[in-house]
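Listed in Swiss-Prot for this protein:
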type    : residues                     : note
BINDING : 8, 9, 10, 11, 12, 13, 14, 15 : ATP binding site
BINDING : 59, 60, 61, 62               : GTP binding site
């Protein structure tokens with residue numbers, strides 16, 4: 001039985017994660033009190049109709065919650081039930097924006113308290129639990145569909161895969177590093193189409209920009225060597241039990257060079273029969289500024 005505990009910061013996307021897990025065939029329970037977790041796990045393990053995958057969504061509700069959860073996790077271990085923890089988080093300003101958009105109060109809020117103060121308080125409460133998590137997803141820059149795809153990718157066919165899946169994400173250094181990246185490659189050393197007037201409004205997904213970037217010998221040599229490195233590392237990551245490799249490709253704004261390189265890598269790795277997922281995190285951000 002796969003026993004997954006979904007937790008994290010309020011507003012980080014636990015509801016969307018649960019819906020994705022349900023689509024994967026998980027038996028999902030929302031807001032089960034931690035003190036009931038060991039008994040629930042026993043009942044599920046010995047159910048007449050065998051349940052293969054279980055996901056419990058656990059929210060913060062106060063200091064006693066953490067004492068109860070710590071006890072419950074210890075009891076699960078005593079019962080021989082192997083569990084995994086998925087922790088969802090987001091940046092403070094993103095969580096604040098979500099709470100205001102939904103016009104909801106924070107679970108830790110009391111009359112007169114500020115949402116941002118409660119977010120910081122909850123983050124502090126959850127530090128130790130986050131450190132114990134098997135998987136941490138930062139949803140700050142993810143749309144609901146992106147989070148769903150990440151859940152489906154990581155928890156879907158993991159046990160059946162013979163190869164690691166590869167997530168390639170592009171980003172702009174001016175917007176910050178992706179927090180979940182395993183490998184980060186800085187491609188700001190490549191010639192920059194931004195300084196070519198007719199190419200500036202385009203992206204690395206447009207042929208003129210792509211051709212400009214790959215017209216240079218340094219680009220061809222770099223991508224050849226980087227592909228060699230990725231393929232060299234894959235069997236070692238697989239040997240240690242890794243099922244998903246996140247490769248982040250960054251340039252200044254995340255629009256030209258990183259996108260062109262990532263598109264090339266994704267296409268080439270797919271041709272080599274790797275399972276590849278591609279996302280351009282900051283591609284549209286210039287339109288919002």
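Using N, Cα and C of the backbone, Cβ positions are placed for all residues, glycine too.
Cβ neighbours within 10 Å of residue 14 (ATP binding site), excluding its own Cβ and spanning all shown chains: 22.
Each of the binding-site residues 8, 13 was scored by the number of other CB atoms within 10 Å of its CB, and the largest score is that of 8.
Annotated pair residue 9 (ATP binding site) and residue 59 (GTP binding site), C-alpha to C-alpha distance, rounded: 8 Å.
In this structure the alpha carbons, written CA, of residue 10 (ATP binding site) and residue 59 (GTP binding site) are 7 Å apart. Ranking the binding-site residues 9, 10, 11, 15, 59 by other CB atoms within 10 A of the CB puts 15 at the bottom. Counting every protein chain shown, the Cβ of residue 12 (ATP binding site) has 24 other Cβ atoms within 10 Å.
The two recorded residues residue 14 (ATP binding site) and residue 59 (GTP binding site) have their Cα atoms spaced 9 Å from each other.
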